[in-house]
Amino acid sequence: MTYSKNVFVPVTNICRNRCGYCGFRREPGQPGARLMKPEEILPVLENGAKAGCTEALFTFGEYAEEVSEYRKWLKKLGYSSTLEYLLFLCEASIDIGILPHTNAGIMTRTELKALKPLNASMGLMLESTATLDAHKDCPGKLPELRLNTIREAGKLQIPYTTGLLIGIGEIREDRIESLEAIAGLHREYGHIQEVIIQNFAPKPGTPMENFPAPSIEEIIDTICLARQILPSDIAVQVAPNLIDPKALIAKGVTDLGGISPLTIDWINPEAEWPDIKELQRKLSPILLKERLPIYPQYVRKKWYSDRIGGLIEQLSDTDGYRKKP
């Protein structure tokens with residue numbers, strides 16, 4: 001059972017999408033709306049490196065530049081685009097000794113190509129191939145746009161994370177279709193390292209706050225479907241702060257994602273990360289094994305640039321897992 005140790009950096013929560021279930025997004029002027037400054041981010045990265053974290057998870061609202069106030073904030077920091085700022089943050093992270101993993105919504109091939117040399121892996125939740133009410137005000141949640149980003153990442157040989165969000169109005173057939181779409185892209189490009197099966201958790205103050213959470217039976221069924229449909233070299237992941245993983249391991253879960261000893265889950269701030277030692281005790285006799293944000297098979301295949309190669313080699317053992325510090 002693998003996991004990575006990360007720091008979670010929510011660079012901005014300004015977003016052009018208005019998902020019915022999202023508690024992360026803010027409008028400029030709302031309490032908590034922000035674009036994090038370098039002086040806020042760099043200490044998080046430095047503390048993460050000291051704590052033995054290997055992954056900097058950079059998250060963004062999607063195409064925040066469509067919001068004029070955000071563009072002003074960015075200009076004030078001295079950057080002309082989100083991409084330019086993100087490239088700076090990735091460079092800083094590498095220099096500090098933490099591997100970047102960027103999740104910033106849909107991206108063009110040009111953006112992916114610019115970020116590839118500075119990221120150990122990247123990610124985008126597919127969520128669902130279905131057209132859902134939850135996404136009615138979300139230009140970036142059109143399934144074909146998301147699948148295209150995942151496809152372009154494959155063409156560029158970027159180790160990639162994607163996943164399904166369960167319980168947002170989709171039906172079982174939609175989940176099957178979503179898993180088949182991911183499997184098809186992986187068979188073509190070989191770049192999907194993990195698929196997250198994430199359970200929807202209702203957030204107060206959102207349009208879907210009274211929507212029922214999916215049952216454990218639905219989650220188990222989806223994990224079983226994932227294991228049947230996805231190629232065997234793709235890890236199936238659940239978040240241990242959102243669901244108890246113990247009963248799910250027998251169904252095919254092989255990874256617990258990024259767990260942070262320092263930062264909260266900014267997307268699900270009500271859900272605390274488990275303590276890694278406590279998690280190991282609960283999961284015994286199954287052993288937890290730490291990995292990097294790039295999975296061992298991609299470390300061994302050297303799917304990374306020279307810019308991050310030295311750091312990956314420094315942090316990984318001969319099998320491509322995290323070297324014991």
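A Cβ is built for glycine as well, from the same backbone N, Cα and C atoms used for every other residue.
Positions annotated as [4Fe-4S] cluster binding site by Swiss-Prot: Cys15, Cys19, Cys22. According to Swiss-Prot, the domain 'Radical SAM core' annotation covers 1-241.
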8 Å Cβ shell about Cys15, Cys19, Cys22 centroid, [4Fe-4S] cluster site members excluded:
Asn17, Arg18, Tyr21, Phe24, Arg25, Gly61, Cys138
In this predicted model, what is the average pLDDT of the domain 'Radical SAM core' (1-241)?
97
Neighbour tally for Cys15 ([4Fe-4S] cluster binding site), based on other Cβ positions within 10 Å of its Cβ:
23
